[in-house]
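One structure, pasted below without further comment.
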Amino acid sequence: MGFRCFNWLLVIAFVLSVGFQGEPAGAHGRRQLLPSLETADDGVCTAVVSPQGYECREYEVKTQDGYILTMNRIPQGRGGGSAGKRQPVLLQHGVTADGLSWLLNPPQQSLAFVLADNGFDVWITHGRGTRWSRRHESLNTSDSAYWAWSWDELASYDLPATVGFVFQQTGQKLHYVGHSMGTLTALSAFSEGKLVDKIKSAALLTPVAYLTYMTTTIGRAAASAFSGELLGDLGVAEFDPKGAVGTKFLEAVCAMPGVNCFDLMASLTGPNCCLNDSTVDAFLKYELQPTSVRTLVHFSQTFRRGVITKYDHGSSTANMAAYGQSSPPEYHMSNIPHDLPLLLSYGGGDMLSDVKDVQLLLNDLSNHDADKLVAQLVKEYAHLDFVMGVNAKQVVYDGLIAFFHKHS
């Protein structure tokens with residue numbers, strides 16, 4: 001496979017996992033790529049946060065099913081700030097990325113730094129299987145059992161562990177920010193009554209629940225490909241976008257009729273309006289993180305069936321063993337407590353979290369308390385702009401901060 005085709009593997013992986021993807025439309029110049037990450041193995045604090053002049057702390061959190069996750073904390077702004085307790089905020093990334101994605105832009109543009117400079121106590125997660133969260137109490141990443149999870153487990157184990165840890169450390173309920181799959185796991189947990197006793201409010205950027213109207217041709221083909229036969233061909237449990245499994249997957253998707261693997265990235269995520277070239281370069285260089293094949297299959301199931309359910313194990317017998325019923329249970333988003341403050345911010349150009357799919361979610365939330373639900377449509381934004389846009393502070397983050405202050 002040629003170099004160009006291999007590079008497009010990265011894009012395909014992003015699309016299927018509804019993670020962070022894109023090519024800047026009208027890019028805004030270049031800056032140096034996070035130079036300390038080239039040689040440092042010490043983690044986000046040493047490589048990225050401390051060099052910017054912010055205090056940074058690192059923690060380990062163990063989930064109920066034995067995964068050991070790394071969290072980073074920026075307890076105050078660059079200038080130190082006033083004394084007293086600050087309101088904690090937890091930032092949850094999407095798939096094929098880790099917590100670094102909140103830190104790729106300069107401090108005045110990156111949400112983690114913006115929140116810290118505006119008086120918040122910022123906590124950043126790194127999901128299981130990613131660079132800084134690959135340990136387990138008994139399993140190794142080379143064991144297929146290590147990867148036997150989908151986003152169900154992220155909602156059931158990872159979020160309760162990280163949210164619970166912040167709650168314990170700070171003694172306060174927290175605000176939550178998720179992007180892409182980081183919204184899906186939160187919504188799924190909320191719909192089952194989890195976390196709501198520890199969450200003050202949640203801001204959901206490019207909210208993902210339904211995938212029925214995902215418009216990218218390559219994304220739809222990729223989701224269809226993960227329906228079973230290709231999974232059997234891969235024969236592994238870990239999906240590494242940079243590895244041999246990813247290359248094999250790309251070859252299969254690119255061979256499908258009507259799929260052009262040499263199209264622009266914008267054709268996959270929508271026309272991101274406001275990205276910086278160097279930020280995209282840094283994302284592609286540092287943020288291509290592994291995930292489980294099962295997570296990708298789970299997304300495929302959601303796309304093909306048009307409903308949000310737990311992972312389908314592929315047979316009535318297996319589902320009965322897992323759930324006590326022959327088919328996977330549904331997540332009912334209408335069960336989210338009506339008084340939980342929610343902010344949904346989504347883009348008119350997003351081809352992954354399509355406006356019509358967000359409307360389906362809003363329909364599920366139609367009985368939500370009117371003063372506790374805010375929906376913001378940013379017509380010019382696509383999927384990546386909400387996390388990496390050079391003007392996201394003015395367009396999204398200032399309103400997000402005001403929302404948090406209102407519900408503190």
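Every residue, even glycine, has its Cβ placed from backbone N, Cα and C.
So TrEMBL says this about it:
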ACT_SITE  Ser180  active site, nucleophile
ACT_SITE  Asp350  active site, charge relay system
ACT_SITE  His383  active site, charge relay system
DOMAIN    48-105  domain 'Partial AB-hydrolase lipase'
SIGNAL    1-17  signal peptide
If you run through the domain 'Partial AB-hydrolase lipase' (48-105) with DSSP, how many residues end up as helix, strand and coil?
10 helix, 20 strand, 28 coil
For Ser180 (active site, nucleophile) and Asp350 (active site, charge relay system), what Cα-Cα distance in Å is obtained after rounding to a whole number?
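The separation of the Cα atoms works out to 11 Å.
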Compute the C-alpha separation of His383 (active site, charge relay system) from Asp350 (active site, charge relay system), stating it in Å without decimals.
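Cα-Cα distance, His383 (active site, charge relay system) to Asp350 (active site, charge relay system): 5 Å.
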Which whole number is the mean pLDDT over the domain 'Partial AB-hydrolase lipase' (48-105)?
92
To which of the active-site residues Ser180, Asp350, His383 does the lowest count of other Cβ atoms within 10 Å belong?
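Output over active-site residues Ser180, Asp350, His383: least Cβ neighbours within 10 Å is Asp350.
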